[in-house]
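S.K.: One structure, as structure tokens, below. Some questions next.
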Amino acid sequence: MAKKAILVITDGIGYSSGMEYNAFYNAQKPTYDKLFSNTPHSFIETHGLSVGLPEGQMGNSEVGHMSMGSGRVLYQDLVKISLSLSENRFRDNEAFRELLAKSSRLHLIGLMSDGGVHSHIDHFMGIADIAAKEGKEVFLHLITDGRDVSPTSAKKYLAQVEKHLGANIKIATVSGRFYSMDRDNRWERVQKGYEAIVKAEPKTTLNPSEYIDASYAKNETDEFIEPIAFDGYDGMSDNDSVLMINFRSDRMREITTAIGESNFSSFEKSDIKLHVATITEYDKNFSYPVLFKKDSPKNTLSEVISSAGLRQLHTAETEKYAHVTFFFNGGIDEPYENETRVLIPSPNVRTYDEKPQMSAKEVGEVVLKGMDEAYDFIVVNFANGDMVGHTGNLEAAKIAVNTVDSELGKILQKAKEMDYSVLITSDHGNCEEMRDDDGNILTNHTAGKVWCFVEAEGVSRVEDGGLNNIAPTILKLMGLEIPKEMDHSLV
């Protein structure tokens, strides 16, 4: 018979060696003090490659819960594409090969920066180099950023692009993201981007660097640079291939629709036949080939528990409800069989330092009731450490930690009485670094470690690991088989 287990996610509570501005270290936390003395615990990595993000990038709640719930490292699109290029696998991508085979001309359209939010310049240039080596004529349609990076950094990125130019690679157009990456159906903006990219209208005799300087002289920063085509580019032709290289979808849907959809009617467009592909899936209704399809992890923790015929309870307040349901279940909206979800409303305040307790008490009560109702598995998220950490208010963050500590105490006490194993960890840190060394307020997540405590019969040691090890550890505690797709248990 399966044993019962609880996973407590203390959102935004992590480890830092710094003490002065550490809300966790300075809070009243008798439950944690006992855990440190009496309970096996270890460190967990929550950022960078350990959760499928670029090296050094801080973790976030979405990837943290996906990693915990799936029991494996799910590489984010940016990393997946970067690895494909660095390991020389991109050139063999089936959809890419088919796109190259359709035309001698390839247009690459995307955001020219290293912001890593929508695109990466290394992807842009890496793909251009591969296509050029295959003998294709490559036209670059550079969208200037100025939002995820400095507002006047375009020339820095242009200098990187220019190192790759040659007989087969040319800059065709430049346009600010305000135009070519609109997402609010402001079609008059998109039209300007479209006309430069597809029709080569309007045109300038200036080179790209001179054109950017001229834009700055008119007080147009990178985001707002007017779309323009350069001498030597005469627009797209019938049967040209087009690859949209942004991996984030929301700001590429409109320009992709305008370029690729034959029944598009929001403005007048050219009647030419193009072969369009997208690097990731932008919209379920698009029929374009996709180079990197979304992974839907099979055999997640929730799925395995449901398949075993066991009952599970997922609960959090509003701020983290999607994380313990949709993200924890690997991007699945619908609950599994025998999965109950309980949403507790977050308090209606402007910022959570006004009420650092948030709705933790009510969330805790759902867990206690869940034990009374003999759920086999309970996952709960306490949002306080993260949401109050984001306000930058150290005193409020100490109250947030104390509140979570109090709820942990009640859960651990009852779990002992009801024979539940308990695993306590965090998706990422935040409140342990409220200011930097100079006393400046920090509101961001940290890129450090978090703790993993395991209160369970027969467990005397917990290995260090990552969030990908949490699901297999829960299954081990429950006496259920760990599926082959998952990584190893920490106990």
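Positions of Cβ are set from backbone N, Cα and C atoms, glycine also.
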S.K.: Can you pick which of SER50, SER61, SER460 Swiss-Prot lists for the same Mn(2+) 2 site as ASP11, ASP427, HIS428?
M.R.: SER61
S.K.: Cβ atoms within 10 Å, counted per site: which of HIS390, HIS428 has the most, among these binding-site residues?
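M.R.: Most Cβ neighbours within 10 Å: HIS428.
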S.K.: So what sits near SER249 (substrate binding site) in its own chain, CB-to-CB under 8 Å and at least six residues off in sequence?
M.R.: THR280, GLU281, TYR282, ASP283
S.K.: So what sits near HIS445 (Mn(2+) 1 binding site) in its own chain, CB-to-CB under 8 Å and at least six residues off in sequence?
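M.R.: Residues satisfying the criterion: GLY12, HIS47, MET58, GLY59, ASN60, ASP386, HIS428, GLY429, ASN430.
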S.K.: Around the recorded Mn(2+) 1 site, report the further residues of that chain (criterion: Cβ within 8 Å of the mean position of the Cβ atoms of ASP386, HIS390, HIS445; site residues excluded), sequence-ordered.
M.R.: ASP11, GLY12, SER61, GLY385, MET387, GLY389, HIS428, ASN430, CYS431, THR443, ASN444
S.K.: Compared by Cα position, which of the binding-site residues ASP11, SER61, HIS390, ASP427 is the closest one to ARG251 (substrate binding site)?
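M.R.: Nearest listed residue in space: SER61.
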S.K.: May I have the list of same-chain residues other than ASP11, SER61, ASP427, HIS428 whose Cβ is within 8 Å of the Cβ centroid of the recorded Mn(2+) 2 site, in sequence order?
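M.R.: Those within range, site residues removed, are ILE9, GLY12, THR46, GLY59, ASN60, GLY64, HIS65, LYS320, HIS323, ASN381, ASP386, SER426, ASN430, HIS445.
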S.K.: Which residues of the same chain, at least 6 positions away in sequence, have a Cβ lying under 8 Å from the Cβ of SER61 (Mn(2+) 2 binding site)?
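M.R.: Once residues fewer than 6 apart are set aside, SER61 (Mn(2+) 2 binding site) is near ASP11, LYS320, HIS323, PHE327, ASP386, ASP427, HIS428.
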